[in-house]
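Trainee: Structure provided below as C-alpha cells; questions to follow.
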Amino acid sequence: MKVAVLGAAGGIGQALALLLKTQLPAGSQLSLYDIAPVTPGVAVDLSHIPTAVEIKGFAGEDPTPALVGADVVLISAGVARKPGMDRSDLFNINAGIVRNLIEKVAVTCPKALVGIITNPVNTTVAIAAEVLKKAGVYDKNRLFGVTTLDVIRSETFIAELKGLNVADVKVNVIGGHSGVTILPLLSQVEGVTFSDEEVASLTKRIQNAGTEVVEAKAGGGSATLSMGQAACRFGMSLVRGLQGEANIVECAYVDGGSEHAEFFAQPVLLGKNGIEKVLPYGEVSAFEANARDSMLDTLKGDIKLGVDFVK
C-alpha cells in the first residue's frame, strides 16, 4: 500500500504524515511531496519513528517521483486561511495548485484514490474532476473531498454539550465544506434530543468552527492539527477499504449522483474501487430540510467556479 501526501511540509501535511507513519499497516510506503525544500528532511525526521512504514520525501516543482505507484493520494497543498478570510478567498491561489497537481496524478497514478483537503473544497474537487475528465481518466468513485473535519467537530461538540462519551456519538454531515453548506444532521444522532435553540447554535458553531480556530490562532494559522487527524481518519478508511475490510463508511464530498448538486457530501461505503456505494443520508428534520435547500445555490455556485476555472 502506497500513500502519497502532497503538501506534506505544511501544517496539515506534517500532522497528517506523522499520523500516517504511526497508523498505516506494516509494509506500507508513505511518500511526502511539497514544493518546500524542507520536505526530504520532514521524511528523515519521521523515519526515526519505529513503525514498519517506509517513508521518502520529495521537494521541488514536480510531484511525479512521489506519485509513482500510489494507491491513495491526499492533497493538502495550498495557502492557509488568515483572519478575515473565508475559504473562498483561498480560491485564487489554491485553484491553480490543485489543477497542476491533479494533472500529474492523471498521468502518473490515474487509478489512485484521491482525497482533496485543499480549500475551498467545494470548488477544488470540481477542478480536480474537470482536469481528470480532460485527461480521459476520470472515475467518480475515486475522487473525494475530505469533509471529515466537519464530522469530528460535530461528534466533539455534541459530546461536550450532552456530556457523552465522544466514541459513542455518530453523526452524518451533508452538503459541502464551507459555511452554510456544512449541514450536520443532528436529528439523527441516536439517544440524544436537542432543543430548537441547541440545534440552531450547534449547527452554527459547526459551520463556523474553522473561523473559531483561525481567530484563536490570531494570524498564526488555521485548523491544521484537527484537520490532520480528520484527514488521517479518512485516509485510513480509504486504505482499509482497498484492503477489503467490510463496512467502512465515511461522509465525503463526492460526485455521487445526488439529486441536490453535482457534488454533495453524504455517507459512502468504501471498498476496493473507492466508492462501492453512495448511501442515503436518511430522514431529515424540517430545520435540516430548509437548511439543505437554502444552501444549494451557494454550493452550485462554488462548483461552477471550479468547472469554469478549468474550461
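Using N, Cα and C of the backbone, Cβ positions are placed for all residues, glycine too.
The model shown is predicted, which means the values in this text are computed figures rather than measured ones.
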Trainee: Among D34, D71, D255, which residue does Swiss-Prot annotate as binding NAD(+) at the site that also has G7, A8, A9, G10, G11, I12, G13, N94, I117, T118, N119, M227?
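Mentor: Swiss-Prot names D34 for this NAD(+) site.
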Trainee: Starting from the Cα of N94 (NAD(+) binding site), work out which of the recorded positions (R81, N119, R153, H177) are within 10 Å.
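Mentor: Correct set: N119.
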Trainee: Round to a whole number and give the Cα-to-Cα distance in Å for the pair N119 (substrate binding site) and H177 (active site, proton acceptor).
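Mentor: Between the Cα atoms of N119 (substrate binding site) and H177 (active site, proton acceptor), the distance comes to 9 Å.
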Trainee: Looking at the binding-site residues N94, T118, N119, which one has the fewest other Cβ atoms within 10 Å of its own Cβ?
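Mentor: Sparsest of the binding-site residues N94, T118, N119 by Cβ contacts within 10 Å: N94.
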Trainee: Assuming the binding residues for NAD(+) are exactly those in the record, G7, A8, A9, G10, G11, I12, G13, D34, N94, I117, T118, N119, M227, what is the maximum CA-CA distance in angstrom, rounded?
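Mentor: Taking every pair among G7, A8, A9, G10, G11, I12, G13, D34, N94, I117, T118, N119, M227, the longest Cα gap is 18 Å.
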